Amino acid sequence: MKVAIVGASGAVGQELLRLLDERNFPLDSLVLFGSTRSAGRKYTFKGKDYEVKLLQHNEDFKGVDIAFTSAGAGTSAEFAETITRYGAVMIDNSSQFRQDADVPLVVPEINAEDALVRPRGIIANPNCTTIMMVVVLNPIDRLSHIRKVHVSSYQSASGAGAAAMQELQQQYKELVETGEVKTIEKFPHQLAYNVIPQIDKMTGNDYTKEEMKMFNETRKIMHSDVRTSATCVRVSSLRSHSEAVWLETERPLSVGEVREALKTAPGVTLVDDPQHYIYPMPLESAGKDDVFVGRIRKDLADDNSITLWLTGDQIRKGAALNAVQIAEYLVRSGL
Ligand code: 2RA
């Protein structure tokens, strides 16, 4: 099994390296790719050094079985043909192909088998905020069909990449040292001491692209007509996103049955003891695999609705881990 990572120097690329090692992914050879900025850097994997090669339109992908790509939508669009030409399966972390009818969009806990039908050799990894939410929604949807979701996200700096994480730390440093923030490059506004109700660009209906991803991707992954209305917000946690979710089901559900369903759901850890102030927080889910869920209660405004709170590591389950789990499924299915 030959594996390639495109975007090896980024936050997700680095997490992919850690996960392939940690989970003992059955690979025999590894090749790393990057832009001119990262070509030539060296990373160690299982005691061996690997140099990042420049991603180019050539025959470098001959013999590659699985290519994880995490270098942005533009790079995925430009290089998809080069990457898949000789049969590599491209597991793409960008938003480029997610809504294409001939590209499966996969969260293994929910629709793993969709990954087996991939006419273009591409499997899309969903948006981080969507992945975490659907891992929690799906077991509830099995109890009673979810018709509507309202969600407000609290997305950490890591969602904007490794340089954005550094920028947030730099902003706090500048505040302590000089009383004002000078470095604002990766975020549209100062994030330190602030929250920003904008993630990704605005679309024509005044929802951001991130919010529309939550609407569209949730439907595709869950094969559902559910309608999701989201407000996506950047907060100053470093890594690990959170979401407050209100969901309306066809029949009213009790808190007890929702808790029971989530207790045994794959990829979910229940942290829910409200009377003892026990609930999930991003500091605790950072670096972990599962999505953590708590604050489960009846919605006071709607008898058919439940409200809950979840947190999950955006770089892990929200990106790299989900991609590796897709690859593991392909291997189990005889790739
Ligand atoms: C963010 N969802 O948090 C994005 C990353 N894919 O900015």
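A Cβ is built for glycine as well, from the same backbone N, Cα and C atoms used for every other residue.
Among Gln314, Gln325, only Gln314 appears in TrEMBL as part of the NADP(+) site alongside Ser9, Gly10, Ala11, Val12, Arg37, Ser38, Ser158, Gly159. A straight line from the CA of Gln155 (substrate binding site) to the CA of His241 (active site, proton acceptor) spans 4 Å. Candidate recorded positions: Cys128, Gln155, Arg234. Those with a Cβ under 6 Å from ligand 1, in sequence order, are Cys128, Gln155. Among the listed recorded positions, namely Arg234, His241, the Cβ with the most fellow Cβ atoms inside 10 Å is that of His241. A separation of roughly 9 Å, to the nearest angstrom, links the Cα atoms of Arg234 (substrate binding site) and His241 (active site, proton acceptor).
Note on Cys128 (active site, acyl-thioester intermediate): other Cβ atoms within 10 Å of its Cβ, all shown chains, come to 27. Residue density at Gln155 (substrate binding site): 25 other Cβ atoms are found within 10 A of its Cβ, drawing on all protein chains shown.
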